[in-house]
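In what follows, a single structure is set out as structure tokens and then discussed.
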């Protein structure tokens, strides 16, 4: 863009103003939850939310965590390059991991009900050496995801407002660090809900503008005609008929494979997704992840089908920022397709919507990464190897320290990547090469009792070595030199990603044959214990049993037996549901269109867009309306309690056991005025 459509002041206002607004909102919310719902920020509450989060919030948190800057920016860039196939390949290739992860989430809750991280499960089964190996892979995943969020987000902020990219890298995490610091994982669930609703609303604005109200576009038919003209000017190599309106796309299919492989690593090795599974109540984990995955599908599919194709349709119009030239390839890889389309259609309003959209995507996913990393350092490093007898207070201090430290380190690292010329698109393709070799052995830890510790420990390391060799050798052989540009091309990335994910299929059987089949009984996973938060509860003058997830009998034998029965049933449902949905999204829907080389007619394209819009409304119901319905009683109780408090009709709530009170009449009156749900023994 020649000159940014928004001022730097507007950029700083969004990045810092909204960040601090969320932080202040979460400070107030955390105080209210403590005062009226007994949700004291113990180490368990900070990391697991008491393991009581319901389906709607789990679904919205999954959507929010999986909606990276790349979800919106990279998918639109792929649509700009390959046409209608790009958004579908992106959405389907990244939805199946969430659906399949639902099975792993259920197994985690069945076999290690008190775990805080998936790495604790690795250590319980295999010991310290394997634990450290997976800790490295887990942190690699968190670092790559966070770097991608900040590099993509800062590039958009810079292009729309002129704010220096380095400043955006450092300022985007500020608000996230603050509200995560005060509210822990519960804060991420609540802010994830707000972020998700805003993202859905902005995508609907873009969709209705493009396909209904825009003076330049205004209907699917108009967009279709302009896409036909665009294909005539610059046909797409490898696409059926050179058209943007076909699922038959050679480069799109290559991206599809890279996308599937890379995203297995960033779901199955990202402790943030295990955190959300751990925080979910036993009956909410499965429906939360399935609804979250299906709701998320519509976001990249419709966003990219709208903005990526609108960018193609508009680039020959005088309102387009680079008119009369096409977008330069570095701008496409940096994620500037969506901002350019928004500015061309809506001017400054489009730029403001885009800035808000990207801010929400970056900060919501960043909060999950902060919690993931702080949990690893707190429970897997500090408590495991340095202070096994750590009290809840010390664990909280460690968690807070790591939230701040990781935020600062990643801001500096992302700034370095920017100056090195490494873009969001490059990191997105690279993720699988680095981390996907650990996906299969990590999953088998919960799914197969026969995997021995040598197979679990060595197969990811050997797989990483093979994937790096495949990636770099392919780059050298095809292009003659290894640079950021050549190594980021589709063919080298395809080779590295596929070798990373599939090489353990060779190494695990070989290492199992050499060292023998294990016969693990999962007892050591059951032995993982919660943190001791008596010191924090005593300091807050509240009985620990009244804190959600800590109530007496919550882990009793009868309750535990009932939970296990529910989880066993959920596990069976999860396997059938996730496999069915995976087959539909990866095979039954796209490949008939790919195999026939069908070029969309105008009516078919109109129907395609209509399904996307309807699906996004379904997403809004699942992750926008349903969480409010589920939480209506808790919200009503808290609102009523606040009103009684403000009007002086209710004294401070009596938390824990009733204190000795001299005035018996006051004690009786106080008990009558206690809000519903707060009782005294």
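A Cβ is built for glycine as well, from the same backbone N, Cα and C atoms used for every other residue.
Taking TrEMBL as the reference, the stretch among 349-369, 370-390, 454-474 described by the feature transmembrane segment is residues 454-474. Of the given residue ranges 253-274, 319-340, TrEMBL assigns the label transmembrane segment to 253-274. Highlighted: of the candidate stretches 53-73, 162-181, 193-212, 253-274, 573-593, 253-274 has the greatest count of Cβ pairs under 8 Å to the transmembrane segment (426-447). Among the stretches 162-181, 454-474, 605-629, the one making the largest number of Cβ pairs under 8 Å with the transmembrane segment (53-73) is 605-629. Touching of the transmembrane segment (494-517) and the transmembrane segment (605-629) is ruled out by the presence of fewer than three CB pairs under 8 A, sequence neighbours closer than 6 excluded. No contact links the transmembrane segment (162-181) to the transmembrane segment (253-274), because fewer than 3 Cβ pairs that are 6 or more residues apart lie under 8 A.
Each of 88-106, 193-212, 454-474, 605-629 was scored by its Cβ pairs under 8 Å to the transmembrane segment (253-274), and the highest score goes to 88-106. Take the transmembrane segment (605-629) and the stretches 88-106, 193-212, 454-474: counting Cβ pairs under 8 Å, 193-212 has the most.
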